[in-house]
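**Student:** As listed in Swiss-Prot for this protein:
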type: BINDING; residues: 11, 12, 13, 14, 15, 16; note: ATP binding site
């Protein structure tokens, strides 16, 4: 009889919080083990290794394998978290934890890998185009993924005969394409501050503030210092300029999401993720998002058939790290101290 497979430690590490869970990567759905997720403030620990040690001690299980998704640049053996001073070295962290295998991946690689294990209960359809699921082992698919939060993450996932290949990009830094006279004026205003204006300057938390500030300047109003949540709260209370801001955000989001499909050839669907999507889901559903998504000239009829899905799974980063562990199980990356 074969011994049960040891779980893999998966982590989703951001600038504020570190989330950990145990996963069974052999499970094609729901690979995260029940009640294993814990969240800690990164400021409480001097290093990622010590945060992971704390988790393993707290949960009372030891493992020798890990996949850590990092919200920042991963360069070979080293990763740096955006907006936090941790510098993570893979070999040093693995040695500290007694791991045989440790992978560091970008957080949006994990978000993309999560697509392969999401179920109907984990997504909400935006528009009428339906998402058709197929057994992973037989699937050949191209998906896009886009996620506004502190910045704008963009990536993709190719599936070939059950094997997943995440596409890591910097698509959030593509130049912003205005589609209306009002958006052209907004671009002119933001250009005065930033010079070149990327999509991330509008489709992100700070982007909400930028759009609102530009609209205020057009209206000859000084809005004072505002945070993204201030603007979304004002929109919920019926403030006209804040409502215009959120509507514009959703419309522009639709345009650049459609552009992503065309650029990547993501003909099987695009997934919306990131911290802002659940908060703005109702606005996205009732805005011009889908109309702008489909409005691609000679490709409009094709775009109308492509599903767009908002991810509502609470921990897609952990889910994707587990999926990454599944696909790397046959080709382990050994750690040598």
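Placement of Cβ uses the backbone N, Cα and C atoms for every residue, glycine included.
Small disclaimer: the values here were computed from a predicted structure and weren't measured.
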**Student:** When you average the Cβ positions of 11, 12, 13, 14, 15, 16 for the ATP site, which other residues in that chain have a Cβ within 8 Å of that mean position?
**Tutor:** 17, 18, 19, 42, 69, 70, 71, 81, 107, 317
**Student:** Between the binding-site residues 11, 13, whose Cβ has more other Cβ atoms within 10 Å than any of the rest?
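**Tutor:** That would be 13, with the highest Cβ count within 10 Å.
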**Student:** Among 14, 15, the binding-site residues in question, whose Cβ has the most other Cβ atoms within 10 Å in this structure?
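**Tutor:** Output for this query is 14.
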**Student:** Let me know the most crowded of the binding-site residues, choosing from 12, 16 and counting other Cβ atoms within 10 Å.
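**Tutor:** The residue with the densest Cβ neighbourhood is 12.
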